[in-house]
Amino acid sequence: MNTNNEETFYQAMRRKGVSRRSFLKYCSLAATSLGLGAAMTPRIAWALENKPRIPVVWIHGLECTCCTESFIRSSHPLAKDVILSLISLDYDDTLMAAAGTQAEEVFEDILSRYHGRYILAVEGNPPLGEQGMFCISGGRPFIEKAKRAAAGASAIIAWGTCASWGCVQAARPNPTQATPIDKVITDKPIVKVPGCPPIPDVMSAIITYMVTFDRLPELDRLGRPLMFYGQRIHDKCYRRAHFDAGEFVESWDDDAARKGYCLYKMGCKGPTTYNACSTTRWNGGVSFPIQSGHGCLGCSENGFWDRGSFYSRVVDIPQMGTHSTADTVGLTALGVVASSVGVHAVASAVNQHNRHKQQLADAGQQSPDNEDKQA
């Protein structure tokens, strides 16, 4: 792969015949995908014109490669622009042409040549059981390779739920002792990008942000970028109105399902899952699981794999009940008023009865018979 890291992104794009207009359009799309607005387009353009491409080392532990499969389908920006122009992806044993001894020589060369300058991207996690022998890369335990690469990295990106939380290979009883990367690398800044897999446009946007601003994006307390993990899927879901109205799918392919009602009762984990699925969507913004008729699995949340069936809801959440009609609300209000009037009438009658008894008692004390008895 190209190791000319002094070339800027803009120079690489121009070398490929990309016009200035197309470059600025790319910067505008990048700003939009990052949620920065059009005002930040000039800053992104300046950064991509003047800053050398950042070398990236991408390594794989226990995983299924779904993060890479997702990343190469990025549309804003395109994965080819990220890989071939925005960054210098010098090592990735899935995408690179080299293999075996040649690949390991490239790995060692990058670590020494760009020590302290490269970004380490980790897909999958290291198993610690049996001295790490459950995952071997380059003839040695993956945990050794991860620590070796992390030592000279400026920052680490933990791609996917595997690297961020452990995922299915860490499911109970976790015989391989699969461990999230932040539990074994504790002296480097780590950006967690969970999801099984993460959204491709989120992956490329995070790289764009780090290249543009020379810093990590703002993170939440769990280490996730707030720009993409700051809200629940439920908060922006197009079926949210049905949730608020108490309109739910009760069984697959019932009339409510055909009407697009809320999937919460079918096990949707959207109310407890932080991700950008309902806003960014997948496949270039075409759709996401809930839009396709299936509830969210909560795959970007820690421990989702050990929380029971995907089709049972975790908790009961009270709804607003906005499905009530004006007549229903009116009858309810009338009932409340009638009840209040009834209670007031009963209370008044009781008070009046008590006053009447007191008056009779007072009158009895002042009667002639009582006066004669007293005399």
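Backbone N, Cα and C define each Cβ position, glycine as well.
Binding site for [4Fe-4S] cluster 2 per Swiss-Prot: His234, Cys237, Cys268, plus Cys262 from the candidate set Cys262, Cys299.
With Cys64, Cys67, Cys162 listed by Swiss-Prot as binding [4Fe-4S] cluster 1, the candidate from Cys135, Cys196 annotated for that site turns out to be Cys196. Cys299 ([3Fe-4S] cluster binding site) has Cys196 as its nearest neighbour among the binding-site residues Cys64, Cys67, Cys162, Cys196, Cys262, going by CA to CA distance. Inclusion criterion for the binding-site residues Cys64, Cys67, Cys162, Cys196, Cys262, Cys268: a C-alpha placed within 10 angstroms of the C-alpha of Cys277 ([3Fe-4S] cluster binding site); this criterion is met by none of them.
In this structure, Cys277 ([3Fe-4S] cluster binding site) is part of a helix by DSSP.
For the recorded site, Cys262 ([4Fe-4S] cluster 2 binding site), the DSSP three-state label reads strand.
Sequence-distant neighbours of Cys64 ([4Fe-4S] cluster 1 binding site) (same chain, 6+ apart, CB under 8 A from its CB) do not exist here. Ranked by CA distance from Cys162 ([4Fe-4S] cluster 1 binding site), the binding-site residues His234, Cys237, Cys262, Cys296 have Cys296 at the top as the closest. Neighbour density at the Cβ, taken as the number of other Cβ atoms within 10 Å, is lowest among the binding-site residues Cys67, Cys277, Cys296 for Cys277.
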